[in-house]
Structures are given as C-alpha cells and as structure tokens.
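S.K.: Residues annotated as domain 'Core-binding (CB)' in TrEMBL: 2-96. Residues or ranges marked as domain 'Tyr recombinase' in TrEMBL: 117-298. What TrEMBL lists as active site is Arg157, Lys181, His250, Arg253, His276. The active site, O-(3'-phospho-DNA)-tyrosine intermediate annotation in TrEMBL covers Tyr285.
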Amino acid sequence: MEHLSELIDPWCDCLHAQRGLSPRTVEAYTLDMENFFLFSAELAQSGVSPAPPPVQTGPDEQHIFLYLAWLRSRGNTSPTLARRLAALRAFFSFAVEEGVITANPMTLLENPKMPLHLPEVLSREEMESLLNQPDMKEKCGRRDRCILELLYAAGLRVSELCSLALADLDLQRGLVRVFGKGAKERLAPLHGLMQKMLDEYLRDWRPLFMPAGSRIFINRSGHGLTRQYIWKIVKKYALLAGIRRHISPHTFRHSFATHLLEGGADLRAVQMLLGHADISATEIYTHVQAERLRSVHRQFHPRSRM
C-alpha cells in the first residue's frame, strides 16, 4: 500500500456491512476522508508540511490540528466539525485494526463542544390544528391525514414512514413494524384512532390510487412517496394551519417525544419508542420541557415582571 487513501473503499465496506450505517452516512464519511487527503496533499505542496509520512506512521497530531484549523477557517460549524472528526477517528481506528498504521492520531483530540440546539416542537393546539387541515372528502386528503397522524402517533422518521409496506402493519394488534437507522427493527404501537384511520384508508381510499407496489403511502401513479414529497405535504398543511415557523416531518417526531414526557412517560420508554440506541439522544427532550417551563414561569409568575 502506497497511500492511506487506498483504505477508504475497504473501510466504507466495513462501515456498511459491520456497523450498519446508511448509504448516505457512508457517503458523507467518504467525502470527509477524501477532503482530508486532498488537504494533506495541498499542505505538502505548499511547503507548510513535509511530504506525507510513511504509511506505517500515518499523520501526526500536528497534521490533524492544521486540518481542524483549516476547516474552521472555511466556516465549518461545530456539528460539521464533529462529524468530520468522527470520520477521521473511525478511519484511523480501522487503519490500526488492519495493522496499516501503528497508532491513531485522533486519540488525544477532543471533539469540538457544540451548543445545545433544542428541537422545534409544536404545541398540542398547533398539532391538532395541523392534523385537521387535509380534506377528508378526497383521496389525497385521506392519505395525507394518515401520514400526518402516523408521524405523530408513532414518532417516525420520514425515511421510516416512506419505507413502510403493507406487510409491516398489524392493525388487529395495533402495531407497525419499523426499520430504523442501521436496519434496526422495532415495533411501534398505534392508538385506536390511528388504527381506525389506517383501516379506512387501506380499505376505501388507497385502491383509488391504482397501487403499483406494496408501499402503504403512494402517489397518483401508485408508487411509493419520496421523502421530499412528505416534506411538501408537511409544509403545505402547516401554512394552512397558520404555522409560520420552519417545521419539517421531524418536528412531528420531536413533538411526539416531548408530549409523551409532558404526559408523564418514562424516559426509557420514550427511548425505545423512538428507536434510540443511546438514551443521551432522548434526553434532549427533557431540555425542551425545562425551557417550556421556564417560558411559562417568565410569562405568568408575578415577580418575573418586576
């Protein structure tokens, strides 16, 4: 092996096969590593850094620090920096495991601290208004109402909703099988109203689309809906409901989790319903609760206005 970049392809195969990362994530990691090696080549040509070290040695920490400074100079945000560094850490860890380099230069490097960005959440009243916007007298309205209701009822990611097939539904037991990130499977419960709506849609309205496949939600040609189409649906009905804030299909997932916790649900149970591998990913919704409580306190406590 003449250059570490030759490891990118086998590393990507490992990410997909062993870690179960999605093609989009693997593609992003690949671009990150290609950019790193382009930077390394330009650095060597500029004379700032010596020629690339032997493959067995790999880049040193100073090399990584220069790359980090270069990324910051180009306006990369903390989340983007964290992802790029995660790609480097995973790649060099793979190189060590394969015996190509002797040490991971990322070992002592900390991830950049990221500000806490609280997710956008709809109030219960806003959610109710949005859900009531589709025209229930026509087939697209019936379909769209089911889509909006299911995003909120099960806390689905938009990719999970688009991939739902008829075989994934068990209306008799009130369950839907969901394939999440990393091909992880979970069962999401459906409340009674959701079961009734889906039953009516599948029996009376979906056949009007001339189905061409097994997807639950289909377009006028009978084919499965895309993620972009779901985005358009959400934006359309949000505007009709008078919601001017920027919301997306993921806002339903955020609202699902927050409303469950506000109702007294256990954090671990919400973690399982969302399909989070780590509970720290679910804890963000406790911050949402705290911020909303602070807002109420500031607005209504008599001494907060003094």
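Cβ coordinates are placed from backbone N, Cα and C, and glycine is handled just like the others.
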S.K.: Out of His250, Arg253, His276, Tyr285, give those active-site residues positioned within 10 angstroms of Arg157 (active site), comparing C-alpha atoms, in sequence order.
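M.R.: Correct set: His250, Arg253.
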S.K.: Inside 10 Å of the Cβ of His250 (active site), count up the other Cβ atoms and send me the figure.
M.R.: 17
S.K.: Mind telling me which of the active-site residues Arg157, Lys181 has the densest Cβ neighbourhood, counting other Cβ atoms within 10 Å?
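M.R.: Most Cβ neighbours within 10 Å: Arg157.
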S.K.: How many whole Å apart are the CA atoms of His276 (active site) and Lys181 (active site)?
M.R.: 9
S.K.: Looking only at DSSP and grouping its letters into three states, which state does Tyr285 (active site, O-(3'-phospho-DNA)-tyrosine intermediate) belong to?
M.R.: helix
S.K.: Please determine which of the active-site residues listed here (Arg253, His276) has the lowest count of neighbouring CB atoms within 10 Å.
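M.R.: Result for the active-site residues Arg253, His276: minimum number of other Cβ atoms within 10 Å at His276.
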S.K.: When you measure from the Cβ of Tyr285 (active site, O-(3'-phospho-DNA)-tyrosine intermediate), which residues in the chain that are at least 6 apart have a Cβ under 8 Å away?
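M.R.: The answer is Pro119, His254, Ala257, Thr258, Leu261, Val270.
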S.K.: What does DSSP give as the helix, strand and coil breakdown of the domain 'Core-binding (CB)' (2-96)?
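M.R.: Reading the DSSP string over the domain 'Core-binding (CB)' (2-96) gives 70 helix, 0 strand, 25 coil.
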S.K.: If you run the three-state DSSP split on His250 (active site), which class comes out?
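M.R.: Where His250 (active site) sits, the three-state DSSP reduction gives helix.
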